[in-house]
Every structure is written in structure tokens, then in C-alpha cells.
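Engineer: This structure is in C-alpha cells; I'll ask about it shortly.
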Amino acid sequence: MGRLFGTSGIRMKNLSPKIAYKVGLAVAKKYKKVVVGRDTRTTGKLIETALTAGILNGGGEVTTINIVPTPVLGFNARNYDVGIMITASHNPPEYNGIKLFNKNGLAFNKKEEDEIEEIIFKEDFIEVEWHSVGEIWEDSRAIRNYMEHILKNVEINEKFNVVIDCANASACLVSPYLFTDLGCHVISVNSHMDGRFIGRLPEPDEKNLKKTMDMIKGLNMSGDNYIGIAHDGDADRMVAIDEKGRLADFDKLLAAFSRYMVEKTGNKKIVTTVDASMIIDEYLKDLDVEIIRTKVGDVAVAEEMIKNSAVFGGEPSGTWIHADIHLTPDGILSGLRVLEMLDFYNKKLYEILDEIPSYVNLREKIPCEDDKKEKVMSYVIENGESLFKTVPETVDGARFNLENGWVLIRPSGTEPYIRVRVEAKNNKDAKELLEKGIKLVKEALSAL
């Protein structure tokens, strides 16, 4: 049987309540006090009920906080042995998932997930007698506790005009209210909860955000200076839309915010992932910042932040972690801190981003069965050195850093693909690097 856990917990199409029940039993064998939250998906209550039944039947206690954003669950996990979020994040509505957090608000790492997975696969459960069945509680203050903590730690002096796109998801319960409490004039869209995501799909990309982007462009024709903040299905991510109605380039925004955090805090360590652009290295070069690259995934970023005492770490996708507040990826807090950055520099978002150079990014995914990925990557590492004339970094897959750009070849953690991503300063170089990367992977597959 393959792994249940991928790069972001358990996530699958038509997640079965049978799996959720077994996860609950496995969790209860190791942890007794559990807090559970869910996003707006139509299967959320079903999965929560099955998961809770497993925990109770294993002798654990459950506190439900109902529909909440993932950062609210992660923040409240500090009061329990473990937190469990039922969400498939940015995936379409037919998907659901289960993500576990420790009491520091840090998502489970591979070792912790493996322990739960082993119990499930061996069916090494303990089902208690009737007199030892656990109890279930409800905490109605979970969102308020989180909001009060954020309000104490974020300060925005400027009165910003903000369009917030909540994706018909759990951000509806928090994001518009926090921004308003901090003095913003807020227009919220897709702000009623609907697990079918009828306003737009939960992936906050350019296609799904077109209406919101056009709305901001129209509002600003009259000089209103709105910017946009959009969330995914569980609000652990954030993307920004500038005053011209353009989706902010993910890598540029990450670089700009990283620079702001260095200048504000004096902490010169920034953690990001192997797939992040070389923009961040070049934009922060004059500040003598150490850029620490990790495997893709918020767990790897958070663990490296702890290890290096970094204040900020993030992925280009908009999954950002603010260690001075908590260790759960937080799209709501990230949106507020983008406004803090604009306040700090007294500039518009487009002015900051347009100062940063643009590079060419290309990517491709090549079908590869999960049981072949390890052999393919061994071939890539062994033969890529002679092809690219450089020794690859192998933090996550193989990254070849070159004079004219870089090539990253890595196995997907959630799908049967090998992903190839390249970056260069012009189209010609980027296309050549992509062709080389694809050719190398196909050679590896042919050699099996």
C-alpha cells in the first residue's frame, strides 16, 4: 500500500470516512487531547464525524471548533496535544484531506506522519471499552482567541482600501473582520461560505481571480487605490492584487516582503524553498542576507526557521510563516503584513514590485508512476551533472544552479509526475534549459 500522507497531510478525491475513522483511532493511540476544525467543503462534516468517532473510540477527547481557517486551528492547537484540520486547501471541491499539527502549531513532519501511518496500515488500534470512551466538547472562542492575538501584534497606520476575496471558504469568518478592525475600508467578495466554491475555485490563480482583478481595476479608475488580497480554500495562503488590477508576481512579492522583514527586524536569515526564484537572492544581496533553501512544503520551511532562528519564511505560492506570531502558515496574517510593508515604505504595491526585475519561469510535468520516482531521480542526479556541468543541490529533488539560470527536477509529492521547473533571464535560455530538463527525465524513464 502506498503512503497516505503527501507533502501536505492526507489529501485525496472523495476522501472516505473509513480512512478518517482509522486516522482518528491512530491519533488517539498517541494523543489524548485533540482539537478539530474543518473548512467549508460539503464532505467536511462527514469526515469530521468519522474522525471524531475514531478518536473517541480510541479513548481520546475531542474539542471541535467547527468551520475555521487553518491558521486558526494551528494557533489553537497550543492548548491541546494535537490539532487536526479537515481541508484540501486549494484543491477542487470534490477533494478533502486531513492535516495534523503539533501543539506548537507546526504541521506534522514525515517522522510524525509515519508513526500515525504505521498504526493505520498495521491496524494496531486500541478500541476502548464503553466506560472509557472519550468526550466531545465545543469551543466557540477559537476564532476570537486568534483574532485578539493578531490584533495585538499587527499595526497599520494607513487607512487602506482593500478588496478581500474569500473564495466562499473559511476566510469569510475572519479576514474581512480583521482588516476592518485594523482600520481598512473593506469590500469583500465571494464572502458567503459555500463548500461548492460557487464564486470561484479555491486555487487563487490568475484565471480564477479574473473577476476580482477586473473589479479592482474598475474601482481604481476613479482613483480609489484599492489593492486585493485573495485566499485559497483554508486561508493558509494569500495572493495579492496590485492597484493596477494585476496579480502580484509570487516571487517578487516574496522577495519584497523578505526585504521588508530584514529591514524591520534586523534578522538577516530568510527561509524559502528550492523552487523559489533567484530574484530573492539578487534583491536582498546588498543587505548581506542568508537565504536558506529547504524542501518544498511548509513543514520543511518552519523547521528550518526554528533551526536558524529566522523570523520569516515562505514559499512562492503565498504560503508564508511568521515565527514571531505562530508557526502555522497564515494567509490572513500575511495579507495584513503586506499592508504593514506598504505602510513602512509609504509606497503603493505596484511601485515596489515594478522595481524588481522580471525573469522567465517555465515548467513542465512528466507522467511518472510513484514507484518509479526514486530510480528516475537517481538517474537525474547521476547524469545531470555532466549535462549541466554542475553538481546539483539535492535538498529536494535536484537543482542545477547555472550562470544563466537554474533547473529544478523533483518528484511531485501529491501526483504521479516528475516536475521540471527552470528560470533564466531571457526566453531563449529558459526554453533551452527546459528542453534539457525534460530530455533528461525522459531518458531516465527509458532507462528503467
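Every residue number used here counts from 1 along the chain in the order it is shown.
Every residue gets a Cβ built from N, Cα and C, even glycine.
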Engineer: Check Swiss-Prot for me: it has D232, D234, D236 binding Mg(2+), so pick out which one of S89, S358, S378, S386 it puts in that same site.
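Structural biologist: Candidate listed by Swiss-Prot for the same site: S89.
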Engineer: Quick one: which residues besides S89, D232, D234, D236 have a Cβ within 8 Å of the Mg(2+) site's Cβ centroid, in sequence order?
Structural biologist: D39, P69, T70, T87, H90, A169, P202, H231, G233, A235, R237, P329, G331
Engineer: Measuring CB to CB from S89 (active site, phosphoserine intermediate), give everything in the same chain under 8 Å that is also at least six residues away in sequence.
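Structural biologist: Expected: S8, R11, D39, T70, G97, P202, D232, G233, D234, D236, R237.
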